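Chemist: Please find one structure pasted underneath; my questions will follow.
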């Protein structure tokens, strides 16, 4: 059955319309942003706002951010000049249904995530994240009340923990079990992956020492045989991802399984084996999917 819709949308987006026109320059954009952030709520909205909101209308602005804000931190984006969808027209992520149902797809996902995690974990918020925090600093008359981000890198909570952030698509700092729904620290999960995959761990150390994972130059990455994608995904063409092993949820494993999903099946080292339905760990993010006629959004 042919898909009705593909998520994410990978075609180039139309150029935005700049409003007001004076915001087409850096100084004009700064002036327009200052005017927007300090303006009182529209009179058309006032009847629908609570007294508390009206009393603190200078803090009523919500910022929505996306992948572009983290490029300066060294992370890949989707549609920028060196973005994944710009340079690699055939790229598509693993969809949720594939990850949940197929052992081989989980091997592929976790192998590539294992290679990309160190770079992601070492990256830090940049000046833009800190500027957002400054806009929300109440002690200096903050004009932003909260942030909604599509990003999964946790840079906003790191840069401004006092300013509320809704991470719309989840976060990579944790894994979640599809059976028991417990969350686990991604850094500790990385150490478990390393213990289960010593050859992959050695390969990762070689790449880190060579600087292969440090460059953002797409030509340099291709010369080294790498394709880096958003969300800590590193593709090494020609590598057999089916040699990679990943662990089961420790809570489900200790209990022997899950009443709704059956028994956890692992090998002697604790790695999940083909056919195990319980205790599957996924990143704590929203995975993409294709909607079909029987799976319509």
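The backbone N, Cα and C atoms fix where each Cβ goes, and this holds for glycine too.
Since this is a predicted model, take the numbers as computed values, not measurements.
Residues annotated as active site, proton acceptor in TrEMBL: 169. Here TrEMBL flags 177, 180, 249, 252 as Zn(2+) binding site. The domain 'Deacetylase sirtuin-type' annotation in TrEMBL covers 40-297.
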Chemist: Among the binding-site residues listed here, 177, 180, 249, 252, whose Cβ has the fewest other Cβ atoms inside 10 Å?
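Modeler: Comparing Cβ neighbour counts within 10 Å for the binding-site residues 177, 180, 249, 252 gives 180.
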Chemist: Mean pLDDT over the domain 'Deacetylase sirtuin-type' (40-297): what is the value?
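Modeler: Averaged over the domain 'Deacetylase sirtuin-type' (40-297), per-residue pLDDT gives 84.
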Chemist: List the Cα distance (Å, whole number) between residue 180 (Zn(2+) binding site) and the residue listed as 'active site, proton acceptor'.
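Modeler: Cα to Cα, residue 180 (Zn(2+) binding site) and the residue listed as 'active site, proton acceptor' are separated by 20 Å.
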Chemist: Any idea what the Cα distance is from residue 252 (Zn(2+) binding site) over to the residue listed as 'active site, proton acceptor', rounded to a whole Å?
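Modeler: Here the two Cα atoms are 25 Å apart.
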Chemist: Among all protein chains shown, how many Cβ atoms are found within 10 Å of the Cβ of the residue listed as 'active site, proton acceptor', not counting that one?
Modeler: 16
Chemist: Report the residues of the chain - excluding 177, 180, 249, 252 - with C-beta within 8 Å of the mean position of the site's C-beta atoms, for the recorded Zn(2+) site, in sequence order.
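Modeler: Going along the sequence, the neighbours come out as 178, 179, 181, 182, 248, 250, 251, 253, 258, 264, 278, 279, 280, 281.
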